[in-house]
Amino acid sequence: AHTHHCPLSVVAAADPEDLPPPSMDPTAGTPTAQDHKPEHPQTEAPLAQAVLGELRVSSVTPSSVQLQWNIPEGSFDSFTLQYRDAQGQPQALPIDGKSRLVMVPGLSPSHRYRFHLYGMHRGKRIDHVSIDIITATDQPEEPPSPSEEPQTEAPPTEDNQPELPQTEVPPARAVLEELKVSSVTPSSVQLQWSVPAGSFDSFMLQYRDAQGQPQALPIDGGSRSVTVPGLSPSHRYRFHLYGLRGGKRTNRVSTDIVTAKLEELPPPSEEPETEAVSSEAPPARVVLGELKVSSVTPSSVQLQWSIPEGSFDSFTLQYRDAQGQPQALPIDGGSHSVTVP
């Protein structure tokens, strides 16, 4: 039944929850106890010296998990995260070799997942770490309420209990400022914010999808922007961004946004205008290099490109999904690769 999932076909023979071939990862764990193959990689010093550290959870919500890891020794070209979704289908997420954390969206609440992270070198898996995680229970309220925030909510507009936090000086001094929209497409929104005082361990963005289901997106504490994919066109969303310190929500900002109307994808017909622009030297000298595939899985694609000349403010990746609906993904102008999940 899984023969069409070529990269993951090894899974079919294993435990339904397990994707691992420890036998393919002789350098992971205790190699000598498993089989006679480990001797080969150990003769290849570079491979043996690339080591994956422990896989840990940095945050869990009803619909997502954020994982992090370290590389105590050596380096990897890339990583692949494998797991089975709530329907038992294998999923694989390609990850850049410089990354040390990944956010896995689209999960089901109160469900147990086993995640396997593979370190890749020259297209081969050379190390493997795993972790079991149960997602959080679903919560009926997506801004889970001012009632949970009085401990540290700085702006006392919603209830009268904020006097408590003001005795805790450090949390009160971490301040979240206005949540703004930096770009909108029919299927995504890019939001940005600032932290004028103090700092947060992490952020949590909460909203309801077009079906009214609460969604939560964990965000690294160093981030000041996030792209929210998978939205519906011409739909009104209310986003709530929470700043977290010590596991508690200490500040919140919100914004209402209506996604763009759905329009037919291509404007090649509009592009002749570039001829008019070509009289202006600087824009004409901004050049996009070839768009290449760096990895493909049954459920995702990683693309990369170069900018041989000049620079762009941002990029937009457009495509049609399996149902023929146009999708658009905004990308930061500094990026040269993107994973389409």
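Any Cβ shown, glycine's included, is placed from N, Cα and C.
Annotations in TrEMBL come from automatic prediction, not curation.
What TrEMBL lists as region 'Disordered' is 1-42 (among others).
Helix, strand and coil counts under DSSP for the domain 'Fibronectin type-III' (51-140) come to 0 helix, 50 strand, 40 coil. Residues or ranges marked as domain 'Fibronectin type-III' by TrEMBL: 51-140 (among others).
Per TrEMBL, region 'Disordered' is recorded for 137-166 (among others).
As annotated by TrEMBL, compositional bias 'Low complexity' applies to 148-158.
According to TrEMBL, the domain 'Fibronectin type-III' annotation covers 175-268 (among others).
The domain 'Fibronectin type-III' annotation in TrEMBL covers 287-341 (among others).
Secondary structure of the domain 'Fibronectin type-III' (287-341) per DSSP (helix as H, G, I; strand as E, B; remaining residues coil): 0 helix, 29 strand, 26 coil. Note: the domain 'Fibronectin type-III' (175-268) comprises 1 helix, 50 strand, 43 coil (DSSP; helix = H, G, I, strand = E, B).
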